[in-house]
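Engineer: Below are the structure tokens for one structure; questions will follow.
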Amino acid sequence: MTKFLHRKGLPSYLFPSIVSYQRYVKFQENSRKNRRESMLFLEHSPCLTGGIGAKAENLLVSPAHLSSLGVELVTLSRGGDFTAHEPGQIVGYLHIDLKKRNLSLGDFLHILNHSLVASIEKTWDLIVEENPKAPGLYTVEEPKRKLVSEGIYAKSYFTSFGFALNGVNNLSTFSLINPCGAKSEDMTSLLRLGKDKDFPKKRKEFVLNFTQIFIDQLP
């Protein structure tokens, strides 16, 4: 585990190995209980997660079939529909005490999206944008494809969960769902966009860029 910036009382960490999803769920619960802020950047083994808005018809296979594929299915209290995690993604989890920092949830989401857009452009010279009709960040050039999935949970003025940027993952797990109610064909990755060169190095560069931009905007 590599520690990056620790400014404004907010430490950030990059994990070198895969972290189980259930391990993270327990971590975010403890973080909220103790109001302990942090940012984590990691990868998960193949799994599907469904938020409070998940619709049954967007899960395209049975739980038994998922089990046979070695894909975990997790139901969560965060916002959003079904999404997928695979090795090769950059998953970022943000544990921010909104009350202590006098931030509204809207303020937090604005800071998050601005930081993602700016750090993706700085790291890969790639422009992404929000879609007012759907969560996440999408490529600007046609056909517009979703590069970053987002799902935030805010309880007791404390955030958890965050975003997943598709890096060098093959997106195969997304074919098992309609991600966030859309089609799996709407997803893209740095690999598909031809931006996968020197990914391990670029991954660290992105994390550093994101943490600097994000923390700079915090009160």
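Cβ coordinates are placed from backbone N, Cα and C, and glycine is handled just like the others.
Per TrEMBL, the features are:
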DOMAIN    33-218  domain 'BPL/LPL catalytic'
BINDING   R78, G79, G80, D81, F82, T83, A84, H85, S149, E150, G151, G162, F163, A164  substrate binding site
SITE      K146  site 'Lowers pKa of active site Cys'
ACT_SITE  C180  active site, acyl-thioester intermediate
Engineer: For the domain 'BPL/LPL catalytic' (33-218), what's the model's average pLDDT?
Structural biologist: 92
Engineer: Who sits close to A84 (substrate binding site): which same-chain residues at least 6 apart have their Cβ under 8 Å from its Cβ?
Structural biologist: P46, C47, L48, T49, L171, T173, F174, L176, I177, P179
